[in-house]
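Here TrEMBL flags 83-88, 132-301, 363-366 as disulfide bond. According to TrEMBL, the feature FAD binding site maps to 161, 163, 174, 234, 237, 266. Here TrEMBL flags 363 as active site, nucleophile. Residues annotated as active site in TrEMBL: 366.
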């Protein structure tokens, strides 16, 4: 175990090293993104435009409040590894006071409205259906907004960041995802996957070699569909790690901020992981572009007509910008051959399993963000692979 002085010395070394090489952006890959249709530089330009729009959008009531069944039983194993750190806790929001200004929950969001029944006429025979967790088109288990056990969460009050959740419980979750739900391709796609951490570099040459290494994420032994699946899971995992490292608690000062060593160990020394973040981004961007007409026509109803119009305008600007971007990903290449079509159902099944595994996360805040992000990724896959372009016109 490193002493505090050793830790600080290593942090200072890496910071000074990167400060001295500001003319070379080692953590920004260049060239064509494998399995996609655009370059890393294109994604950087797109993100520079979309990022401020997204930051503004997530401050609106419609996007900052999320309802989910946060305390659902793990369906795969008995989970006793609950995180007892205060940072793991989620601050839920009461329906009677959904924001700090004591504004009521919009009527259409209230449980009694979401769960209201349309009763049949007297004398009509009806037998209740078994409730489904998902439809054939869904790539993940969908949150039921009418569930009486669901809670509202203000995402701005519960940011995704370091919580201290680790060890056996966390390891079991990711092991189940990678070893049981990734088509057994992990060892070929990322041989270092079982090791989230590597020794921090101790020289400039080692750092440069680590973060500029070209990885082969297009293993010819792994079919395109399985590569895409793995890279999306890896991109999600890497994105989570980046958030953790960006919002890290300095236990000495009590301040939150970026932790460079955390980033180098989790991402910087694993170039394929950073590349998979970019890949996941272009897939999500393509889904947003494909659904642009649908999103432009969507009516946002929160009870605040002025804010609803503002949100509609912001979403319109966002999706129209996404649609104007160069092509990023061609989903029509997937499940095109007779051999690969049979993979589609297995692809869905495995991704649904991953969404269920999120209920096995022992940290409330990690579970919240895991469920939210896997739902977003699953929605993108549904847009790309369950409907053709005409459906969204």
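Using N, Cα and C of the backbone, Cβ positions are placed for all residues, glycine too.
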Can you tell which of the binding-site residues 161, 163, 266 lies nearest to residue 88 (disulfide bond) in space, using Cα positions? 163
By CA distance, which of the disulfide-bonded residues (132, 301, 363, 366) lies nearest to residue 266 (FAD binding site)? 366
Residue among binding-site residues 161, 237, 266 with least C-beta crowding, 10 angstrom cut-off: 161
Of the binding-site residues listed (163, 234), the greatest number of other CB atoms within 10 A surrounds the CB of 234
Of 83, 132, 301, 363, which is closest to residue 161 (FAD binding site) if I measure between C-alpha atoms? They're all disulfide-bonded residues. 363
Can you name the residues of this chain that are 6 or more positions from residue 174 (FAD binding site) yet have a C-beta less than 8 Å from its C-beta? 237
Same-chain residues six or more away whose CB lies under 8 A from the CB of residue 83 (disulfide bond)? 163, 164, 165, 169, 362, 363, 364, 366
Across the disulfide-bonded residues (301, 363, 366), the Cβ with the fewest other Cβ atoms inside 10 Å is that of 301
Counting other Cβ atoms within 10 Å, pick out the least crowded of the disulfide-bonded residues 88, 132. 132
